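Below is one structure, written out as structure tokens; the observations come after it.
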Amino acid sequence: AKCQCKVVPRERTNCGYPGISAAECKKIGCCFNASVPSVPWCYNPKPKKVKKVCPNDPYTRINCGYPGIKPRECTRRGCCFRAHPAGVPWCFYHRVMEE
């Protein structure tokens, strides 16, 4: 993603070798910007931003508790709690989504 390559020149960490081409740099998953001298031109992208969400589809829930778990015990475990529908876990793990 383009926004992951918006790294301040002085915060760039080298991701290639001296004289690497833009194409070679991008091929190994790095960012290339040759506009600033004496900083790495081929550099590591910013890590992706992720957020935890409770999955909406009840049938993709991964159980995080036990039958009869109380909402407070579930959230203390760092999990999601939704007491519906029947037949699926009510206490379940978050999903990690890219922002």
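Positions of Cβ are set from backbone N, Cα and C atoms, glycine also.
Listed in TrEMBL:
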- C15-C30: disulfide bond (DISULFID)
- C25-C42: disulfide bond (DISULFID)
- C54-C80: disulfide bond (DISULFID)
- C64-C79: disulfide bond (DISULFID)
- C74-C91: disulfide bond (DISULFID)
- 1-46: domain 'P-type' (DOMAIN)
- 52-95: domain 'P-type' (DOMAIN)
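A C-beta separation below 8 Å, combined with a sequence spacing of at least six in one chain, links C42 (disulfide bond) to N14, C15, G16, I20, A22, C25, C30, C31, F32. Sorting the domain 'P-type' (52-95) by DSSP state (H, G, I as helix; E, B as strand; all else coil) yields 9 helix, 8 strand, 27 coil.
It is 8 Å from the Cα atom of C54 (disulfide bond) to that of C79 (disulfide bond). When the Cα of C64 (disulfide bond) is compared against those of the disulfide-bonded residues C74, C80, C91, the shortest separation belongs to C91. Of all Cβ atoms in the protein chains displayed, 21 besides its own lie within 10 Å of the Cβ of C25 (disulfide bond). The CA atom of C74 (disulfide bond) is located 7 Å away from the CA atom of C80 (disulfide bond). Shown in sequence order, C54, P55, C64, C74, C91, F92, Y93, H94 are the residues of the chain, 6+ apart in sequence, with a C-beta less than 8 angstroms from the C-beta of C80 (disulfide bond). Around C79 (disulfide bond), the same-chain residues six or more apart in sequence whose CB sits under 8 Å from its CB are C64, G65, C91, F92, Y93, H94, listed in sequence order. Annotation for the disulfide-bonded residues C30, C54, C64, C91: lowest Cβ count within 10 Å of the residue's own Cβ, C54. When the disulfide-bonded residues C15, C74 are compared by the number of other C-beta atoms lying within 10 angstroms of their own C-beta, C15 comes out lowest.
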